[in-house]
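Peer 1: Okay, handing you the structure first.
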Amino acid sequence: MAKQPQPISPLKNFFAGGFGGVCLVFVGHPLDTIKVRLQTQPKPQPGQPPLYSGTFDCFRKTLVGEGVRGLYRGMAAPIIGVTPMFAVCFFGFGLGKRLQQRKPDDVLTYPQLFAAGMLSGVFTTVIMAPGERIKCLLQIQAATGETKYSGSLDCAKQLYREAGIRGVYKGTVLTLMRDVPASGMYFMTYEWLKNILTPEGKSVSDLSVPRILFAGGLAGIFNWAVAIPPDVLKSRFQTAPAGKYPNGFRDVLRELIREEGVASLYKGFTAVMIRAFPANAACFLGFEVAMKFLNWVAPGL
């Protein structure tokens, strides 16, 4: 295993992770919109075709009906939340690594990296859950033809007015179920690939841009391979009318499997995978660039 850069600085991870998250949203949001619309489209009436026949049909209809702006519906919520969210995510990962080190120069095993990644998933849920709820509601309202919310802030206000803080945080358990194991896979895969791609005798901090992009993109693929089923349940639950699923994700899971089969848990798979590589490649490249800048301007931070 290639030697990890030492010492680990959770604070630098915090700032560099925030920049990486902004890069991810700009690259990946259009396909995230497609993913949510595919996951939440209503079941067609007997004899009627579905609203969207697939990823490319949804993309075409969104572009024709709403223009490029339609692909960026609801982006304000993740942009506002993404900087602190990814900052906290990478901080959690850095802290998770630091806590498992007995000495600053200890090189962590892959199970330890997975555990550190899972900690980052716990950290981000506090920010992620309300941002995801607002984003999903804004992404689907244009497809339904209704305009209940004028924007992210209006959506948050209405949710709070209707059901208090519980309404804003609806879907938190499902967000945890998605992000904790997926984040473990995400960071472990990235570190594993960086080690594999690092030439003998070189440091992982000297990886070229194409290799960072490849490692980050593939880490995103592995992350979403774990995250898609709970993400489908989360999207359905967060956009459902109040009271529709009194027993939470169990009711969503039963309904989906009963009416649409196990394959419904992988709705939006194509959109997710097309988005995962470039978005996460951009995220990790942004993180690594920001980390190098921070190491240059504040080596002792």
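Cβ atoms are placed via backbone N, Cα and C, with glycine included.
This is the feature table in TrEMBL:
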- 8-99: repeat 'Solcar' (REPEAT)
- 108-196: repeat 'Solcar' (REPEAT)
- 207-293: repeat 'Solcar' (REPEAT)
- 12-31: transmembrane segment (TRANSMEM)
- 75-95: transmembrane segment (TRANSMEM)
- 107-129: transmembrane segment (TRANSMEM)
Peer 1: Grab the same-chain neighbours of the transmembrane segment (107-129) for me: Cβ-Cβ under 8 Å, and only residues 6 or more beyond its ends, written as numbers and ranges.
Peer 2: 1, 3-4, 81, 84-86, 88-97, 99-101, 169-172, 175-176, 179-188, 191-192
Peer 1: Kindly report the helix/strand/coil residue split of the repeat 'Solcar' (207-293) according to DSSP, in that order.
Peer 2: 73 helix, 0 strand, 14 coil
Peer 1: Under the DSSP assignment, what numbers of helix, strand and coil residues are found in the repeat 'Solcar' (8-99)?
Peer 2: 71 helix, 0 strand, 21 coil
Peer 1: DSSP-wise, what's the residue breakdown of the repeat 'Solcar' (108-196) into helix, strand and coil?
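Peer 2: Once the DSSP states are binned, the repeat 'Solcar' (108-196) shows 77 helix, 0 strand, 12 coil.
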